[in-house]
Amino acid sequence: MSVFDLFRGFFGFPGPRSHRDPFFGGMTRDDDDDDDDDDEAEEDRGAWGRESYAFDGSQPPEEFGFSFSPRGGMRFHGNFGFDDLVRDFNSIFSEMGAWTLPSHSPELPGPESETPGERLREGQTLRDSMLKYPDSHQPRIFEGVLESHAKPESPKPAPDWGSQGPFHRLDDTWPVSPHSRAKEDKDLDSQVSQEGLGPLLQPQPKSYFKSISVTKITKPDGTVEERRTVVDSEGRRETTVTHQEAHDSSRSDPDSQRSSALDDPFSILDLLLGRWFRSR
């Protein structure tokens, strides 16, 4: 007896090792059981039913199985309560749409939602309907009140954060003027005529620097040309050119004469071999 036969006998499954077994038919069919299948063919047909049981579902209540109905559904038979389980799942899935979907579809606002004051009056252009008075030629009506007669609301003062800012400790180094805190439109022409440009134009830090570049050029005749260029922070450039003759450099700097002599190959041979020829 195989493990599947023991499992089938424990749960009360009929028909051991049937080629019609939908669960264990392909797994339990061995070469040694071919002879037993021929003898038990009639018993298997009675256990699982033929065409008469395929559509009416009239199997004994102690057997377990399933059949296909003519309507295209699958029906389980047995004492395991599969019919109730499938029925419960169908009721859950049918009610799931009521939990997720809205009860009514959203509606787009129609033209009746517009108020009469917001509609374009006859003879009024699109520009006049969008701009505020007095930029537009005709004032608009809001809730029965003309735009020109409406009282302007007093602007709210800007919040003074004071020491609550993240860099309040740097206020002593870079003080913030009160004009930079206010975020509102101002008439700068009248303010300049009354107070001048001093309060508006804040002093800006200036940096001073100077750049010096020196270039020396040695010509073939030994003349040295030196260019000294000085550029300051304001962009002024000053260039000084100095020429130094060859005989002046030989008198003032003996090392330069030796270095210039080493550049000539004949001078090098004279230094190396001159002693031998002069001594002889």
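Backbone N, Cα and C atoms are what each Cβ position is placed from, and that goes for glycine too.
According to Swiss-Prot, the features are:
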| type | residues | note |
| --- | --- | --- |
| COMPBIAS | 116-125 | compositional bias 'Basic and acidic residues' |
| COMPBIAS | 134-154 | compositional bias 'Basic and acidic residues' |
| COMPBIAS | 218-256 | compositional bias 'Basic and acidic residues' |
| MOD_RES | Ser2 | N-acetylserine |
| MOD_RES | Ser190 | phosphoserine |
| MOD_RES | Ser193 | phosphoserine |
| REGION | 2-45 | region 'Required for localization in mitochondria' |
| REGION | 12-70 | region 'Disordered' |
| REGION | 100-263 | region 'Disordered' |
| REGION | 115-280 | region 'Involved in HCLS1 binding' |
| REGION | 176-207 | region 'Involved in CASP9 binding' |
| REGION | 177-248 | region 'Involved in GNA13 binding' |
| REGION | 184-280 | region 'Required for localization in sarcoplasmic reticulum' |
| REGION | 185-280 | region 'Involved in PKD2 binding' |
| REGION | 204-246 | region 'Involved in ATP2A2 binding' |
| REGION | 204-226 | region 'Involved in PLN binding' |
| REGION | 211-280 | region 'Mediates interaction with UCP3' |
| REGION | 271-280 | region 'Required for ITGB6 binding' |
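Residue environment of Ser190 (phosphoserine) contains 9 other Cβ atoms, counted within 10 Å of its Cβ in all protein chains. All protein chains shown were included, and the count of other CB atoms within 10 Å of the CB of Ser193 (phosphoserine) stands at 9.
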